[in-house]
Amino acid sequence: MTSDKGLLIVLSGPSGVGKGTVRKAIFDDPDTAFKYSISMTTRRQREGEVDGVDYFFKTKEEFESLIEQDKFIEYAEYVGNYYGTPIDYVKETMEKGYDVFLEIEVEGAKQVREKFPEALFIFLAPPDLTQLEERLIGRGTDSMEVIRHRIREAKRELNLMNLYDYVVINEDVQQAKRRVQCIVEASHMKRERVESKLRKLLLEVNN
Ligand SMILES: Nc1nc2c(ncn2[C@@H]2O[C@H](COP(=O)(O)OP(=O)(O)O)[C@@H](O)[C@H]2O)c(=O)[nH]1
Ligand SMILES: Nc1ncnc2c1ncn2[C@@H]1O[C@H](COP(=O)(O)OP(=O)(O)O)[C@@H](O)[C@H]1O
């Protein structure tokens, strides 16, 4: 990938760690220049959610037809529903030079890693398992049985954090937001080192 193309940024981590919360903080910040890729899902639209803003809400049949047409960078089944990242928006937006941000669960992130190894992978981790459990309980969206299942899944997923470029511990939302922004900034600087701007400088230095 060359530097005139945007970066693909993937934020992932276990359920309840705060991915959605940190993502909202990132996009509420007017300094954030990346574009958010709105996912498609077959889960029911919740009160207050807007189609085309929070998600593109699709039927199972529509989603499966899009899978057949290869319209997703990645998709996964999560708690009985499909979630997926539409490929066209991501490709077009990166071609225009914008960074594109995905907030997805761990299985989807694994698929992105296989297709786009040059993407930037950030794992959001909880300070500890007790706080993860407290967040799942505090969110009030799941039964204790589902929470226990999510904690078991989280233990398996936390073992995958070393496959990511960076791990951010979500202790404080604003701090996690800043860290994600800094990681993106540093990744751009690293990419520029090998790109034309600095090549010219190095030629000058060595002549
Ligand atoms: N693989 C994948 N996961 C997604 C996508 N969009 C959202 N998710 C994840 O799906 C999970 C469930 O999201 P959601 O139904 O909004 O519930 P909530 O975040 O638990 O309130 C979260 O872990 C999201 O990060 C996507 O396009 N692909
Ligand atoms: N740094 C944090 N400290 C305390 N609570 C948090 C923090 N980040 C998120 N939460 C809370 O944890 C719960 C789960 O967060 P959410 O963003 O829904 O997680 P995810 O999208 O990873 O499933 C929410 O109730 C949220 O308000």
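Numbering starts at 1 and runs along the chain as it is shown here.
The backbone N, Cα and C atoms fix where each Cβ goes, glycine too.
Taken from TrEMBL, the feature domain 'Guanylate kinase-like' applies to 6-185.
Annotated ATP binding site per TrEMBL: Gly13, Pro14, Ser15, Gly16, Val17, Gly18, Lys19, Gly20, in sequence order. Every protein chain considered, the tally of other Cβ atoms within 10 Å of the Cβ of Val17 (ATP binding site) stands at 26. Val17 (ATP binding site) carries neither a helix nor a strand DSSP state and counts as coil.
For the binding-site residues Gly13, Pro14, Gly16, Gly18, Gly20, the greatest number of Cβ atoms within 10 Å around a candidate Cβ is found at Gly13.
A Cβ distance below 6 Å to any atom of ligand 1 is met, among the binding-site residues Gly13, Pro14, Gly16, Gly20, by Gly20.
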